[in-house]
């Protein structure tokens, strides 16, 4: 191995792969980008992972190379995460790389998922040159919360809030339909369609009688439905919409967010969308179990009514729950119809605190 | 006059002038953009108004033409507002246009300001060809609130809020310094430096003892200081920072926002920045007297504490105070350090309601 194990072409390809990775969406799977280089360091194809159920970045790049008629024999793949070695919803990437005849793979960080790890070893066993560590810092940071959730054997958890400019999710009289406009609600439906479970508290279910289903643009229910999870001990009416008729309804009496997360992980849930209400949101936030915060802000003021989050246990400003804008995965801010969508992730300090407490 | 009074070059120049106008900032003066065309319809120079105390769009465009060495004799100026005819902080634009030897002026809408009107007549009297109405719709909409304020003989009023993601301006124990970061606070200082008066309620002044002065980037007080206005009957301590020593302090016992606005207009104030607290903000909002809403949103959650706005009188969602994102004048959203700055203006319905009530 030379003094510098990576060529200048690989270094710039990793930057590009990181940019590509950031185009994906957060959830059950990490954000991953890939670039295929020829022997001269020229780009043959690129790819990235668009979210659970879609091709991995490596498979996407290989498909794009095929579509472009590029010969990838002996080529180098530069990818932000160790290629997986397991057959999930898609086949193992390590095998696809071997089958395609690539000569070298450069990846940033190893796969923390036990079931998926071993890709590097499989590639080496097939005679492919493998190097790692290039771009490891930014690659690790890009998926820090996903990696933490995977290590803790719990789902990745997205909290969705939809509030007025002054942080209200309902007016004084309880009216809340609809604070956000149709485009934002459709955007929320697209988010629902990506997750494995949608979670709400009994209070919200009794007050609003939501279906908690994923719907298509035309309002019909999507073919693939997430599990509908209601947490809390209060009795849900027999005719509550959330019960549905497909058996994908679950009530968990336990309120403890860590217990709920562990239970759902055991049921195969890898991405949970917490939809409300304010008390459930506060409980997951206080437990440090929110990995992604999606806030739809409607351009209106209410001046009174229900706040979007309660029970955080924050008495003074110094103890505030601190976040940072998530510029990856679709960007921190986007206009969605008349509403503004904000995306944030916890300050890294919160990740460290969690690790310390664990 | 031909069937279509405007050339294709003038039509596209007006679109460009409108885009240029939107680069300015809202306040005492309207947003205005200008484009100078030669006889072939080619652009000789452009200009726009950057805010009170800076050159008008016409003067800016003429200066840019001079700087570029362009000969504007006989040229056409396309401008979004009727050139002014009075000497304010800058000289009359009508005279500058006459002096420069232009042959034609196309403007979108007339100047509603009595003191500034008469520009078209002055231009015509000097033998310049004048046409108006091109782009009148968007030009009027661009400055709808400024025009309404001018017609009502009251200042243009900007309300600034700085809150957490969940709409809190202070934590449960009252701590509020600082919810937003240093860059957002500096941005707020730049906003202060542009206005004629900064307004707060006695509650905020007694609780926080703010100076309500405009400060430079280095923290020193700016040379030009807005009037510091405190509204309410409660006694302000003799040693309150807001009193200062420059005589630019004023306490108004009246709470009525319309009365306060009229009083300040009579003192020559054309742009007021309402800084707090929640009660004063609510009073100006409820009176329909907020023309521009600037919200600094910090990436943190408090879950309890003081809401950003109270006393709006909104009981149910249908009666919410409705706004729209202001994409002009610096844009609706901008990251300012770690905080997000949002800018909105009232829904046009609110303007109509005001007109109806008046």
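Backbone N, Cα and C define each Cβ position, glycine as well.
As the structure is a computational prediction, the values presented were derived from the model and not from experiment.
TrEMBL lists B:8-131 with the feature domain 'CMP/dCMP-type deaminase'.
Every protein chain considered, the tally of other Cβ atoms within 10 Å of the Cβ of residue B:56 (Zn(2+) binding site) stands at 28. What TrEMBL lists as Zn(2+) binding site is B:56, B:84, B:93.
Taking the Cβ of residue B:58 (active site, proton donor) as reference, residues of its chain lying under 8 Å away and at least six apart in sequence are, in sequence order, B:32, B:34, B:47, B:77, B:79, B:83, B:93, B:96, B:97. Under the heading active site, proton donor, TrEMBL lists B:58.
Secondary structure from DSSP puts residue B:283 (NADP(+) binding site) in a helix. Among the features that TrEMBL reports, NADP(+) binding site is placed at B:162, B:178, B:204, B:208, B:277, B:278, B:279, B:280, B:281, B:282, B:283.
All protein chains considered, the CB of residue B:192 (substrate binding site) has 20 other CB atoms within 10 Å. The substrate binding site annotation in TrEMBL covers B:176, B:192, B:212, B:215, B:275.
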Confidence summary (mean pLDDT) of the domain 'CMP/dCMP-type deaminase' (B:8-131): 93
DSSP state at residue B:215 (substrate binding site), helix/strand/coil: strand
Listed recorded positions (B:58, B:84, B:176, B:192, B:281, B:283) that sit near chain A [CB under 8 A]: B:176
Of B:176, B:279 (the binding-site residues), the residue whose Cβ has the fewest other Cβ atoms within 10 Å: B:279
Most Cβ neighbours inside 10 Å, all chains, among the binding-site residues B:93, B:162, B:215, B:275: B:93
Candidate with the highest Cβ count within 10 Å, taken from the binding-site residues B:84, B:212, B:281, B:283: B:281
Candidates B:176, B:192, B:215, B:275 (binding-site residues) with Cα within 10 Å of residue B:204 (NADP(+) binding site): B:275
Residue distribution over DSSP helix, strand and coil in the domain 'CMP/dCMP-type deaminase' (B:8-131): 40 helix, 26 strand, 58 coil
